[in-house]
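Chemist: Below are the structure tokens for one structure; questions will follow.
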Amino acid sequence: MMEVRPTTLIDHINSPADLRALKPEQLPQVCRELRRYILEVLSVTPGHLGSSLGAVDFTVALHYVFDTPYDRIVWDVGHQAYSHKILTGRREDFRHLRQWGGISGFPSPKESEYDTFPAGHASNSISAALGMAVASAAKDEKRKVIAVIGDGSMTGGMAFEGLNNASSFPNNLLIILNDNNMSIDRNVGGLNRYMVDILTSKTYNTIRYDLYKGLRKINLISETNRKNLLRFNNSFKALLARESNLFEGFSIRYFGPVDGNNVLRLVEVLNQIKDMAGPKILHLRTIKGKGYSPAEKQATIWHAPGEFDIKSGERKKGENKPEPPKFQDVFGHTLVELADRDERVVGVTPAMPTGCSMTFLMKKYPNRAYDVGIAEGHAVTFSAGLAKEGLIPFCNIYSSFIQRGYDQVIHDVALSGSHVVICLDRAGLVGEDGATHHGVFDMAFLRCVPDIVVASPLNEHELRNLMLTAYKGYDGPMVIRYPRGKGVLTDWRNTPRLVEIARGRCLTEGEAIAFLSIGPIGNMVQKVVERLAEKGVSAAHYDMVFLKPLDEEMLHGIAKKFDTIISVEDGCIQGGFGSAVMEFMADHDYHPRIRRVGVPDRFIGQGSVPEQYADCGMDADSLLHLTEELLLHP
């Protein structure tokens, strides 16, 4: 790894207090140095580049104007908060971003007092910040609370729930809207700047609030008329600005747009509005990838580009040899094949078309692929509506995000028996994104839902088979879970075949011990079985394929043959696949010795998947050791 050294100013910033000791005219240099440092680190330690570069200026401004950590900053998603981490005492640790034993790629309260609320998922910042603001007011504190949310996260319903509730409280809540994708129409530039200056002036706001408050106290104006005057005031502003503003419809004062990449202007505006009473929103226009030309020109590619050469802008590639495809691409190609067969086949994704390869369908059949925004619950119910009218939706959602649509899976899909295929991408441990993004809970919370099928393929062929079966061989709700990244087969384009629901298969016959696995982790288990065979241990291996319903015929046979069973899953062992096996054995009065291998009852940190497997005792060496211990002590 290249030696990375921060430069002049930021080398002496170990806390926001150090930042606030600088002169305002030094802040642009701080921003340049932060961008340079982020580029140098991320070129060799992959992370979220584009959003972090775009957020540098307003991050510096927030820590310069507000008294953090007493004042709270709540980050939505948090992948844009790299400069925040650098400024809050983690400059050196930043070199080990998203690594095992290093710092998280997202804000984490366990890591720093400046990380006020855990982040990773979208649209929750306003609700969390509002709760903090209300609590601070209840304790008669003067703390200011700031929520930082992107325009993408504003597509999530929870953000609007927070906005709606915020209007009920007079607390000093500031919402920073980081708009880097033109999601909100542009305001008039010169007039808008004038309006921001006027509306943020101390004189204007003091007179405005004191007048209404005083009039009410001396009963010269009723509450109704006071509100009417406020409406008149808002209408007058709208007339001047030639627009009607969504946020002020929530009774939240709106300022902007402001150039979110002009740190001096941001300091000026933040100082003007920070002491205003009531909830308010500051709309910032930022450029994703700001300061690095390749990232500015291709925002999607440079969101998380992997390793790259800073000077040339070329992303580093692996060796030029045949490799298995990503499970995501197999899903994308197979979905297009099914869509070629049947015009009823459609795709749905909540804002992850590139990540899940829904883009393949979008390119060929743009009118049959729907990106519904960051709205997982809506995506599920939208799919149920499509199915109700005879379409066959493949709803692709990351496993960690289906948690946000659990009620809809039960109420709107399973209860009605809708022919919806839910494909859970990034199931299992996911590596560097860490605890907020692991897809380890889905098997536990889905297997208790009636009238739903849950399956996980061993490899790419099985994924294609299950997708065909979900489309043609089963007319109810079905969940297919598969991991992030590459599969195991280079020759993966098989002709898909229908598979029987609730039917597993024996991969290796054996006598001494039985392994039961589900999903791609079975490939690692198979290698363990082969290593045991080299040592003279006859181990059997069964790929169960279906979590729900289980292959009970196969389980009866296993229970009658083996005294010792090891279940292996890439998911939480509490209530997961292994628990399902144990429940079956108990229900049928079988008493084998069972050991469950999976994710233990704790949150697993960031790092590589092999490191996470080893930490959880799910790697090949741990399985070998466990097997030998069980056989030595029957």
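Every residue gets a Cβ built from N, Cα and C, even glycine.
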Chemist: What does Swiss-Prot list, out of His63, His79, His333, His419, as binding the same thiamine diphosphate as Gly120, His121, Ala122, Gly152, Ser153, Asn180, Tyr292, Glu376?
Modeler: His79
Chemist: Could you tell me which of these binding-site residues, Asp151, Glu376, has the greatest number of Cβ atoms within 10 Å of its own Cβ?
Modeler: Glu376
Chemist: Which residues, sitting 6 or more apart from His79 (thiamine diphosphate binding site) on the same chain, put a CB under 8 Å from its CB?
Modeler: Gly47, His48, Ser51, Ser52, Gly105, Phe106
Chemist: Quick one: Cα separation, Asn180 (thiamine diphosphate binding site) versus Asp151 (Mg(2+) binding site), in Å?
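Modeler: About 7 Å separate the Cα atoms of these two residues.
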Chemist: Under 8 Å between C-beta atoms and at least six apart in sequence, can you list the same-chain neighbours of His121 (thiamine diphosphate binding site), or say none if there are none?
Modeler: Val77, Ser400, Phe401, Arg404, Thr436
